[in-house]
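> What follows is a single structure, and I will ask about it in a moment.
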């Protein structure tokens, strides 16, 4: 009987540790998250989609803006997954590159603006939790993740645009033969 | 001549049953499952006489798709197609979930589906889908009309009363927006954040109590604890036939991220490496979603056909490059 009781204690203990972690996450992250998401959601509603679309149309022309400003605007205002609908503002041959660029920003943005992708927060939160455990401020990581993210999506956009162009021309040549 | 099939929810599934009857226009069964045409999609195609398409290799305009088969873990795909008004069959038993959950209902979505849940339907098929949609549209239009009439009559009021009512409406509008924003935030947290927190908390709890932590530390730390190791991880994540499998819901990236985080907290990995690690574990981001993302951007069929491999190959270059960018930008962090 003692053995069974011990077993039960160990079994419960397994999940007690999980429960404590859960309470830590809920009290540590959720309140900030809710208020921040409410503020950003309000801002998005007040600015309105129309005005964002104007900026989106403008930034689709130039290749640097197309793979920096456009995806960032899309992710911030439309969030994952509706952000990819901004692909309609770019030319057909740039759509794959824009998607690659935009989707690659759906985690770097969450450090500062978690409303953009609340279902996948733990890519960032999982790692930043380690920084918190060490007692270091996470702001440094969040802002650097955002900046590095912008550089990465610019690179992704440019590289994918080139690869797409090469593949499309090969396919066109094959069609002629 | 096309046959109708009925698709019932599988074990643990939600929604449905859906009746799918292709016609001359809607003649494609789209399988957006990353890795060929799923047997369920093939069975639907065989029974109905429609054509099954692999969404990663080819594409069709939305209005030619009879239904779409996905294997979505509950973030994006399961809601995108219902939002577009396309019948959606999810192989994963997921209910109304994700940011687009409000578009999913028992008339356009069924989940947990296996081959046995698909069978021929011999009842009367109402030519309902399109008419239903039209009715919905009309209703909305009426509502808009009534709303704009109400607005017009409010604006017509002259003088002081009109001014008050205009101010009242403006304030009400702004407050309404804040309130709605709060509602959406709470909704998101309950539907998308808390469930994942529960999962992560259970995982961390079990790892810490059972001593699995040491095992994981010994396995992960040599890789995640050095720049060459991180680059190696990013290369594995971006291999074109692996990346679409690793992608869905970013679940793998989130779990690995949590494990790496635990190791950083334990001091086994330097905190500065957090930034390059974020890119190393995420080289596959969105690779499961390319055809859907492109169709959201209103891309042509040919663009999808070339675009999918273009993005997958590009990641082989940009995945490791992203780790390097992260490494350079991490210089001076937490030192």
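Numbers here mean position along the shown chain, with the first residue as 1.
Cβ coordinates are placed from backbone N, Cα and C, and glycine is handled just like the others.
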> Name the residue range among B:160-180, B:223-243 that TrEMBL annotates as transmembrane segment.
B:223-243
> For which of the residue intervals B:255-281, B:282-308 does TrEMBL record transmembrane segment?
B:255-281
> Write down the single range among B:118-142, B:193-217 that appears in TrEMBL as transmembrane segment.
B:193-217
> When you measure from the Cβ of residue B:72 (phosphocysteine), how many other Cβ atoms are you left with inside 10 Å?
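The answer is 26.
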